[in-house]
Every structure is written in structure tokens, then in C-alpha cells.
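Now, the feature entries from Swiss-Prot:
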{"type": "BINDING", "residues": "756, 759, 762, 766", "note": "[4Fe-4S] cluster 1 binding site"}
{"type": "BINDING", "residues": "811, 814, 817, 821", "note": "[4Fe-4S] cluster 2 binding site"}
{"type": "BINDING", "residues": "1458-1469, 1585-1595", "note": "FAD binding site"}
{"type": "DOMAIN", "residues": "747-776", "note": "domain '4Fe-4S ferredoxin-type 1'"}
{"type": "DOMAIN", "residues": "802-831", "note": "domain '4Fe-4S ferredoxin-type 2'"}
{"type": "DOMAIN", "residues": "1248-1391", "note": "domain 'Flavodoxin-like'"}
{"type": "DOMAIN", "residues": "1425-1650", "note": "domain 'FAD-binding FR-type'"}
{"type": "TRANSIT", "residues": "1-37", "note": "transit peptide"}
């Protein structure tokens, strides 16, 4: 080394140097025998100075022949060197640099040793900042350390970069240069990141190609050791990092030779070590800081010479000689460009072309950017240069110019002879914008022009500021002669990219050809567009731009030919291969005319293959990659066919061997079939194609953004968009993915209406919101396409029609919905044939108004009727993340703000131009923003604080406006209501529009109103959500998240836990479970999963929940609770990911989620601080026990299986430890559940376990009510779902009460199925002899399988020897008080049998507060379910006036939608005179206006007059239940009355007497005058008026706009002789024409079949109504010319003369041939009573024909008493007419029930 490179060390320090040398192992006083190198400063007593270390000479003879060819990408080329010359690496994933760290981790896991014979220690950190800190620490300890990063990751390293450079520590950071997030995030290439660290003191060395990535990495590692200056080695992200090229690489032995002797030892000697201690990183004051800073100058002064010297030293080893500045071009060039990175090779090609054309041009290609050597730069410039264009791949908005431009300009100013050279700057290639030779030619044209554009841009059209230079796309060919080019268009996850990577390596590693491959992707995570650009040739290929003149193009997805101009890039006579199902005739219709013209005019050889069909036959499904690859090798001739076939088969073993022999065999079979057969088949191109005329064009949407920006983006034409169409700042409209219509699914779900139970599970789990429930009116159904089949809607949508509809062109075909459906109501069908039909259906469905407001949006089922405001995202098929966020938008979307961390959710949720977040019909929807990866919690926190502050301001203004009454009375009332609800859920949404409308009209009245109107967007209670993945929450963003959760701020955090960094390719995070194999943990993760939720719970004031798709109801509940909590909340959702490698595929995502819960792998729990304030345990464990096999669960995921293949013993050990950890964690949660608030054992010593099986929550609610009753009777109680117990524990439970519902056709609820399965297994006789039990079933007695599950459990427990305490009880949904009626009749027997003492009652705490507010304005109140209906006729009696029974018909005018068979619910009002009489007796003034503050869920008016409240709302004339009497006894002052009330409450004889006398609430208050609850309690104790339901006798098709009722005005005489009439009957009996009442539609079991099927109808009395409706409907259809099936009606009533209802109409149907009628009038002949069931027996042949042979349907409507006899009669008919046995006849009846052909409506 030249002496000038380092100053000579002063003699004063020589002794210290010698002394220091002995410390590192040299012999003191011995003369050096080898070359002397300078490295690093030596510690002295007060200051570090440089010194020399002498080491023995070693064999460093270059051997360039040791190099080997290998086809690698830039990342692998770099990692090869970095791994060899490092001993530690600290890594963190960030695209596009992650691959470098992944490879280092792979090699470490494989035990590969570096050049020094040691396995590199590769450690993943929590962030790039952590990686830099660890790097600094390792260097301080003397390690040879490195890291890999990009973009924001590099910026996070800046503080430590200053430290490392300041302390003169040798190191290399390898950077895949990438853009920084500014107006938008871009993962693509640019120099913004590296330019942001140019001031840190690190040397910066740039690679331009894949080969240089290897070489410059080597030069960096050598030069840093020689100079003690750390290096940033960078190359262009993606374009170089991910380009595959065949390059020469040095083996480790050769790399080791290049390590300067003694430099590593010198570095070690400077380490922090107690054997030679120093102090580093001190605090310096003003007296010495400046000087110490300047003391390092000597290390930088000649650093450029050190680098050049290193390049010279490396050259003999690699055969490639580099310069820090390389000049190419004419020696007398006048125009020169200066640039670095991958664009350099493109400019080089352009220079060669221009020089051949006689142009005097050249280029300076920069390698060493920092330190910038002015001398070296000036030296390479030709003396003839007149103009220079400095090209930067970054933009610095506020600077005079970009960095390279400034450096060039400053350099030339230092040389007088160069000061006349004109320098301009330009930008190119930002965000990996393809930089092609034509762009380079345009730059030279601009440079040579008279007035060149300064600070120009190239590759874009800047029509705003005019910076862009024009270029002509002349398709110049600058490639080496003999280069062949290919493009493969694929669909994400079809294997195309992987196959092409394999193909390049096959060709590169098995031939003399050089190879290059580059891969392009769109924004979709999976199922997106991929294009693979491959080149092959005899000479090295450095063209770093996309293929534009291809010899071979393959399109692996047929729809692409309609979207992409892919043949624009094919040369004349090239080969085109299409995977399609089309015949030549189909192609005429399907392939656009311009595409066909290209085929013909360019004389393209066109081949077609139906790859999917062929691969299906081999069992490969959509994985068509190997078939298409075989076609390529067969047609391209790149390799000899036999060799290509052999190599392909070998590559299959390598690629798929780990997936099993079967997969290998299938892929090899399909490859061999291609080589052996006539695949693909050449298409004989019709001559007419050359002149094909466009017959159709894409229909514009009329939305400018979609037509002008989004569609070009999707069609890969974004490069053509000008600057003027962009919005400065990077904002984009929402709801654009609905226009994408990618149509990527080969199969889509088809709805099977007959099987559907309308649970909406399919909609919940759909990752892309492509399958949804729709509710329609009859009128809407009539307008629907013929294929738009519906069925009768249930629940809140009574009277309407239900359909599950898929969006066929948005569906990804993931099959999650099909696999999740519990009723087999979905099946996958061929998309090719189904899409045309379903497209029409979808287009119709989405135009139907959303009716989500008609149901409870905060329930599982109800949430799915809400419009998803996240739809058609770019997430992978089967994604486990999107359903959570979709649910969030359905629950709170129209008032939600989302701060989204960078990661998967920001890519599928925030890709420019393709926004899946959308709006409702009002234009409201989630506002979404992304800051960075590391700061998302703080970003969201800032939004929350700002919105809270703004809302507080608007609240202050509204408070003043209300106090000052500046608005009219109506608006003031609304604003006052807003003040009450302003921070409570979505209550304000109900009247928000009214407020805004009122403000718009009145804002000119007062400045306060003007201010409020100006802040109207703050009126909603904004729901703030912070969303991100587990890597963000547990690692890089944990510090911020922890602070935000600790802040107490009201906001919500949702962590989408895939247990790895999914977005960057599946690297381990701290959320990754032990034993899992992930990138950066290929040897299996050896530490426990971080428990983020427990950390959050430790604060005590954070709502915390874990959720999973395996328990959808719990998930919905947790979301609702979290959002309602006034404070920070944290929800962590288990999100299955494609990176998990589910053996059954992502279609089974929900089942695997269920298994995760069952095995304890993912426990479900909620921590609600509000419960602690109530004295309850805030911790709620929702998965009560471990009940699955953990090992089986793990064995279904490749991430756990792969470790066992590589390290069986290690895998078993880690999995065993994980199982122990999971068990220990679960036991800890059990202890938390039993925590300090758990009651001690009951004093009585009695204990009961209450178990429930619940689907909708009824059984669970009843179980918890029962638990309270047992606790009051001094029992200790445990309440659990049946599936949460271990069945083996039953024998030790002592006493068990089971409450269980029946679902569907006799099915167990989901949370009891495992219990029943286990209980059915073989057990020892008398196994449960020590168990006492009782069972209560919930069901609907009109169903054949009424309480079937309860009966099964009861019988099974008895068979196992358990002792039945009391007989099974039944709760009938059809009873007036639903299941409570049966429960209240059953439970006393339990208390009696147990001999429990009657507990002391405690008065409940009311959920309402009541105030007298005389100045308030009363509100008009209607129940949510009600709609005004107008009586057209009043009540028209149809039985004689003197007859005792009064049947009436009523015609109603209404817009309510209903179906034949539905009932009309009528909301009665109490008689005003009776109410006023009661109020006067009670001492209440009916005119008083009261305000009710309602904290519960009950529907009550906010402000109302007392008289109206008791008339319209409270059921004061209803029948009290036994609990009412208990409560009333608290208020009884008179002792005798109190005792009597308590006696009645025990449900003894007096209670029965009261029931028989039909006493109502008003009666009871008269009977007990000393019991006077306050108005507050009175309202609590008296329930709301319920609608009474009456069968509808009309059909919408017959009398549209009308509903007809057939009603029996029911009156009766009580035992005491009192005359009673029902409340509603009283109102209807006196109904007048034109009178309006509140009504609603209620669905019944009467769901009628296809009109061509026969039906049998049995009616008693007014039960005739639905059958009249059915007859009217079929009669109308027949008149329309439609075919209808046979109809038989069996009608029963008392007397023919007076009660033959609708006689004339029924006779008319008989005469029309529509109806067979049989009537049974039971009291006409007292001696011989005839009933309906008797008449059925007489028609045995007709019954057998209609119901068994023709599979018709049976309907019964009327009294419950005739239901069973009719069934028996049917069985009789089947046996007699069909010759069936009794068992066979029974099975036929059962089949009718289970297939929905037997319907009952009984009372």
C-alpha cells in the first residue's frame, strides 16, 4: 500500500503499538515478514490512532478457473459472498432484501460453514433498528458482522450507522435499493433509501448487474477490513435483486484468499473485552468534540484509492476488472450521461448503438458513490465533453437538484477547464419504472438539443410541469446476437413463476447458454397477474428491462387475451401458446379482433392446450405449470427434447419431493404425456383474422377514475398514464375493486336453496366478500332473472325472500364457503358455464336495497346482512385476515377510521387504484390510512386524539346551541338527543341525517349552527381502529403499541395473527410458535410464542380478546364489546395463512381454526375491565377445555411437518415442549377464570354443573339464569358448554343439569357435537351410576324432531346408569312465553326433588332511569319491527251474526313484502279508557311527559307521555309470569299481600287459578293495593306489547299491495264466569275502514314448494288462511298459462252451516280442476264425529301417490291437537296403498320432514 494512504505513526506511540501487538498474538520485536496493512485505530491512553499490524504471508495466488457458473439472482449472488466473509448476521425481513437474509438462515440451518470454517450465527431482530443496534454491538465485540435491508429499513438504521462509522468499525450493509414511502408506499426499486444515508460516513458501492452483485459484495467486504470504514453495498431492488442470471461465482476458498491478512485480527483486538478494556461511546463536550470528529479525516482521504486498489486486487481472481468510475463510449464524446445501478447497462447498450451510428456520446457508470472522488471522476471524462446529463433514480423535491447531479456539478466546478461543460439532471426509473434503450436514446436526444430540459424526467408523460423528454418506442434491438426471448403470462399461485425459475436454472446449469429471468407481478397477493421474462443466448445477457420482442409467448390464463396486448411484444413468426378451453370457433367470439389481427399479420405460430382439463385428469388441478413448461421445452427447441424431458423430470423430484411421491408421479406423468403426445395442438389461423373487425368493446363505467386510471393500471398500461391524471399527495378513491372483474376462479360456489338454513356462515368466512345473503320483496323477485331462485326468509326478514348469491367474476374459487357450510347448501360448479348466469344474478342482486337495518347488526347472522365495506380485495384465496376486517366494516364501517400497518393487510387493502374499501349508499365508509410499518400504533393514536379533540369541540358548540335554543324546537330536540348519545356506539346514526338537514336549513340563524354545520363530519361517534399483523404488533411496532394501550385512549387495535411475516414471504416473528419452521427459523423456532394479550391484560384497563373463525359468534361478540368499551381495546385474531401449508388446503381454513381452539393451540378468551367494576371476574375463558389432539393438528400443517423431515428428534422435542407450554398456559387461564372473584364453595356443600348446547344463545342464556337460581339456593355452580368438558369427567360430577337445543332436522348445536360423539362411544355398564342428572330441551313442537337432542342425551345417560332426578323438561318455542313457559312448569319439580330452601329474593337493579320532564317534546314511538298498515275494509264478519264464533276477514293496504304462508303481526294498543282508569287508580297523570334513559337493550321511547306509554308500549293488559309476582312482593307493604304474592310465585294452585282467570297486570295491581312499585320499576316489570300473528289468506301475485287476514275473534268464559276477549281481538273486532295500525310480517313453517309439485293441506278453523292464499296463487299462475301440481285440502271445523269458511271460493277452485276438497265438520253429527285425520285415511292411494311417488309436500295448520293424528293417518295410507311396513312408513314421514316436505304451523 502506498505510504500516502495512511499517515506514519508517530514514534511516540510505537512502544504502545508493539505492546498492543502482543495482546493480539504477535511476537514483540520481531520484524514483519509479510506485507503491512493498515486497519483501524489503536486504543491509546487518551485517543485512538491508527497503527500497523504485520502478519505472516499466506498463499494468495489467484485461481480464476476456480469460479463456477450458477444461475442465481442478485440476492443470492450477494448472500454467497456475505455469508462467506461474515461470522454473524442480524436480519429483519423487508422486501426486496428479505431473500438475502433468508438464504443466510437456510445455510446456517444446513450447517454450512463460512470461509473461516465456522457456521455463521444468523439472528432475526424485531426491526431494522434492532438489527442495526445488534450489528453495532457485534462489531464492538469484534465480530465480522453484516446485515441486509432496504427502504424504510435502512432509514431505521441511520442512528447506528452514524455510530458505527464514527467508531471506524468495518462492516457491510447490503441494500436492495428501494423507494421510500412518501405519498405512497412502493416496494419497488429506486435510490431514495441509499441517498438518505449518503451523509452517515459509510462508503457506498453500487452494483449494476447480478454478476456485479457478487463482485461488488466481495470488494465491499475486503475494502471495509482494509480501511475500517463501513460500506453500504447496494443494487437495484427487484430489477437486480430478483433477476436470475447465469454468473460466475468464487468458491469460499478463493474468497478467503482475498481477506487482507491481519485485518480481522486487528478488528478483534479493538473489541470491547475485559482483558484489554477501553471505553467507547463517551459523552464529549465542546472542548474536544470537534477535534475528535476531524481526527477521522485520514481514513476517508484516500478511501477511493483503497477501493480501486481492492478492485485491482480482486480482478485476477474473477477475471473482471472494475473501476470506481467506468467510462463507456466514444473517446471523443461530447454528450455524456452519468448514472449508477441497473440503468447503467441500458445506457451502455444505447451508447454502443449511437456510437455505431457515428454519434459522439458516452457514459460514466458509477460504482463508488461515497466517498465521491472528484479526481477519479474528472479523469475518466473525455476532454471533449460539452454536455453531461446526471441521471438519478430518486427525487429530492426541495434540493437544487438530485444527488448525483449535485455531485457532478460540484466536481466540474473544481476544475477550471471543465467549468464550461453544461450539466443537466434527470430522473428515471422511479419505483422500478422500466428503463429501456429507447428512454436512454431520448436522454441523449434531449442532451444534444439546443435547449435541453433541465431536471427532466424520462419514461413518463409529464403534462403538468413539462419535465418529461419525449421518446419514440422504436423497439431497438441491442441484445447480443443469438439471444432468444420469451414471456410467460400466468396467474398467481398457478406455479408459472416457479416453473420458469426452474426452467432458467435447468437451461443455465445444463447447457452453455447464458440465461436471464425477471418476474413481474401485480398487486394481488394471490391469483394476480404474473409475467415471466426469460432470455437465453450464447453471450452474457445484461439487458435489465422487460422483453419487448419475444420469440415465444405463453398465456396460461385464457381471460388475459381479452385484457392485455401481449402480442405487441412478439416478433414476426414467433410462437404463441394459449391455455384455454376454446375451440377455434369459440376463439372467433372470445378473442378480441386486435389480438387475432396480430396473430395473423405477424404470422404467429399459434398453439392451444386445455391445460386445466388435462391436469385435472392427472389429479393436479390448477397446478398447470409443469404441463405448460413441457410445452415450452417441446416447442422452443432450447434443449434437445430427450434431454429436456429428462431434466424436467429430475427437477420435479427436486421441487416436489418433499410433498410426497404421489405429487412427483403426477407431475412427471403430465410432462411425459406432453412429450409423447400431440400437445399442444397448433391452431390453423383463418386468413380472415388478418382483417378481423372489432364487434364489441369494453363498456365504459362512466366513472372517470375507473375508465381512465384503474383499468389501464389493471391492463398493465399504467406506464402510459400522464402526470395530469394523478392526484398530488397520493389520495385515491375508494370502492374501485368492484370494477376489476378478474374472473380468475375455475370453479365457483353454487347455492342449493333446499339445504340452506340461512345461517350466513358462508358470507362471514368469505375472504373476498363475493358470496352474500340478499333479502328481497316479492315485487323484486318478480323482476329478477329466471335463474334467481329464492326461498322464504326467516327471522327478522319475515315475509321476504332470501338468496345466497356469488359474484362470479370476483370470486377466487377458494371453496372456504363450501367447506364451512354446515348444511351442504353450497357446491362448487364449473365457472366457465356458471358465470354467464351468475353474472346476471349478481348484477341484479347488488341493485336490491340493502336491508341490514331490519335486523340486529351486532349478531353473527345479522352482521352478514350488512353491506361489507371491504370487498374483492387482492388477498390470497382462503385468506384468514380479510374476514375479520370485513366483519369490522359490517359492524362499524360507516363510522370507522383505520390506521393500517404496512404488511399483507396494507397491500390487499391499500393498493393504488384498486381500493377494496368501499362506501354505503350514503357515501359513508371506512377512511383508511397507512403511515409506516413501525409507527402504526402511534399513527392511529394521533388520529384518535385529533378526532376526540375535534368531537369535543363540536360537542361544546352543540351544548351551547341547546342551552341558548338557537335552533327551532325540532332541531334542538335532536341536538339534545345527540348530546346524550354522542359517545355511545352508533346511536347518533339514526338521526344524524335529520340533524344535518336541519343545520343546512337553519345555519344562517346563528354562528353556532354555522360552526356545527361546518363540523358535521364529526357528528358520528368515530370508531378508531389500528390494524396490523403479528410482526408489527409483536416486533417492530411493539413499543408504540404498548404505549398506546397504556395511554387509556379510546381506540381499538386488531392484530391479524398469521404467526409469521406473511407479506414478506413467511419469516418468523415473535408470534411464531415453538417448533414451527419459517423463514429465518428454518431449524424450527426454539422459543415460545409471545403472549401479547397477557401483556395487555396486565394493565387492567385494556379490553382484550382472542378470536378465531372457528367460533364466529364469539368473534362477533368480542368485536362489539371491544368497540363499545370506552378505552383501549386489543383483539388478536388467529388468521390461517397460505404460508402455513395446510395439507387440506386453505379451503379448510375454518375447520383448522376450530381445531386450533379445540387443541388449546389458540385459546379463546375475553378480558373486560367493565366486569371488574361490577365486582365480577373480568377474565372470561370462552374455550373451556383442551379437547383435540394437538399432534394431529400440527401434522396437518407443513410448517410443523417439515422440521420432522429434516430433524425428527429435534422436532419431537420441540413439539413436546410446545404441548407442555400449551397445557401450562391453559391451566393458567383456568386459574385466572377461577380468580379472586370466584365464589367459595357453597356453605351447604352442594354443587351442580350446568351444561348447555346452544346455537343461537337461548340454551346458554337459560343455563346462566339457572346458575343464578342455584347460587341463591346455596349451591356452588359451574357453567360450561357441553363440548368444554371432558366426557370422562362426567362420572365424578355428582349432579348435572343439561339444557340443550335442537338444530335443523334433529342436529346437535355446534358446541355439543363433540360431547355427543364421545358419549356414544362404548362405555362400561353402569359407568355413570354415581351421577345424578336432569335434562331440559329447547325446541319447536311443530317439528318432527322436537327436542330430539335432549331426548337422546336423556336416554343415553340413563342407559349408562345415571340417576334421573326429574323427568326431562321441554321448552316449546311456540308457547306464548316461548321456552320459558315449559321451563317455569318444569323447574319447580327440580327444586322440590332437591328439597332446596326457597332463597331470599333480592330486588334487581333497574336498567332504566325515569325523569319527569314537563318541558320536553314527546316522541312518536313505533316498535322497530312495525310498519303502519291501513285497514281497507275494517273487520267483515263471515259467520252468521247470531253464531257464537265470530270469524272475520280484513283487507289491509300495505307495502310490506310477504310470501304465501306468512302471518301478519298486529301490534295492538291497550284500550285508552282502561289505561286511564288504571293510571288514575295508581296515582299517575297520563299527561305527564317523562324521559327514559335506557341502559339496556329493550326497546323503549326516549320521551313520551305516561298515558301514551301505557297505551302503546307497555302490555298492561298482558298476563304476568311467576317472576313478576316475586318482584311485586318486594313492594307489598301489607304482610298478608306479600305472603300471598310469594305463594303465587311458587306456581302452586293459586297461580294456576290466576292463569285460568286470565288476570292481567292491571288486575293484579288492583288485587294487591299495598304493592306500589315506582314508575321506574313499573316500566321494568311490565313487558312491551308484542304483536299477535294471524295467517295471511292473500297472495301477492293475486292482490298486489294488499294483505288479507282470516281471524277468529276469540272470546271465552273463565271458570268464575267472567267474559274475556283477547287484547288484539278486541281491537280487530271494532276495526274501522281506513284505520291505521302497526303491523309486521312474520314467516311461518308454510314454505311452499315448486308450483308443479302436488300438495296436501290440512286445516282446522282459521288455519285455512294460508291454504286459501296458496290456492289463490296457483289459480293465478294457471290463468297465466303455467303448469301447477295437484292440490288436496282437508278442512275441519265444527258446523258446516255456520263455519264452512270461504265456501264459495273453495268450490270455485274445485270447479276449475285445481282442488280436491274434503271437509270434516265434527259437531254436525254428535253420534259420529268425523275429523280430518279420518278423511285422510279414506284417500290412501291419493296420499301415497302425491307424497311418496311424486314427492309432494304436506302442510298442517291449526290446533296442535290434530298434528299427531294426521301423521298416523299418513303412515296408515303409506302402508295400505304402498305395501310398506310400519318402519318404512315411519321413514317416509321422517324423510318428508328432513327434506322440508312436511310443514306444520300449530297453536
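Glycine residues also receive a Cβ, built from the backbone N, Cα and C atoms like all the rest.
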Please report the DSSP secondary structure of residue 762 ([4Fe-4S] cluster 1 binding site), reduced to three states. helix
Enumerate the residues of the same chain, 811, 814, 817, 821 excluded, that satisfy the criterion Cβ within 8 A of the mean position of the Cβ atoms of the recorded [4Fe-4S] cluster 2 site; list them in sequence order. 749, 762, 765, 766, 770, 771, 806, 813, 815, 816, 818, 819, 820, 826, 1147
Within 8 Å of the Cβ centroid of 756, 759, 762, 766, the other same-chain residues by Cβ around the recorded [4Fe-4S] cluster 1 site are 758, 760, 761, 763, 764, 771, 773, 804, 817, 820, 821, 825, 826, 864
Tell me the Cβ contacts of residue 1467 (FAD binding site) under 8 Å, same chain only and six or more apart in sequence, or just say none. 1423, 1426, 1585, 1586, 1587, 1637, 1638, 1639, 1640
In the domain 'Flavodoxin-like' (1248-1391), how many residues does DSSP assign to helix, to strand and to coil? 59 helix, 36 strand, 49 coil
Should any of the binding-site residues 817, 821, 1458, 1588, 1591, 1594 have a Cα within 10 Å of the Cα of residue 756 ([4Fe-4S] cluster 1 binding site), which are they? 821
Among all protein chains shown, how many Cβ atoms are found within 10 Å of the Cβ of residue 762 ([4Fe-4S] cluster 1 binding site), not counting that one? 26
Per the Cβ filter (under 8 Å) with a sequence gap of at least 6 from its ends, the domain '4Fe-4S ferredoxin-type 1' (747-776) is approached by 784, 789-791, 793-795, 797, 800-808, 810-818, 820-831, 834-835, 838, 845, 848, 851, 854, 860-861, 863-865, 868, 870-873, 875-883, 886-887, 1109, 1112, 1149-1150, 1303-1304, 1457, 1795-1796
For residue 759 ([4Fe-4S] cluster 1 binding site), which of the listed binding-site residues (811, 814, 821, 1464, 1591) have their CA atom within 10 A of its CA? 821
In Å, rounded, how far does the Cα of residue 817 ([4Fe-4S] cluster 2 binding site) sit from the Cα of residue 766 ([4Fe-4S] cluster 1 binding site)? 6
Please give me the CB contact count at 10 A for residue 1458 (FAD binding site), counting all chains in the structure. 26
Report the DSSP secondary-structure composition of the domain '4Fe-4S ferredoxin-type 2' (802-831) as helix, strand and coil residue counts. 6 helix, 10 strand, 14 coil
Quick check for the class: what is the C-alpha distance, in angstrom and rounded, between residue 1591 (FAD binding site) and residue 821 ([4Fe-4S] cluster 2 binding site)? 32
When you tally the Cβ atoms that lie within 10 Å of each candidate's Cβ, which of the binding-site residues (1591, 1594) has the highest tally? 1591
Including all protein chains shown, what's the count of other C-beta atoms within 10 A of the C-beta of residue 811 ([4Fe-4S] cluster 2 binding site)? 27
Name the residue among the binding-site residues 756, 814 whose Cβ has the smallest number of other Cβ atoms within 10 Å. 756
What remains of the binding-site residues 811, 821, 1464 once a 10 Å Cα-Cα cut-off to residue 762 ([4Fe-4S] cluster 1 binding site) is applied is 821
Those binding-site residues, out of 811, 814, 1458, 1464, 1594, that come within 10 angstroms of residue 766 ([4Fe-4S] cluster 1 binding site) at the Cα: 811, 814
For residue 1464 (FAD binding site), what residues in its own chain, 6 or more apart in sequence, show a Cβ-Cβ distance under 8 Å? 1429, 1452, 1458, 1589, 1590, 1592, 1603, 1605, 1639, 1640, 1641, 1642
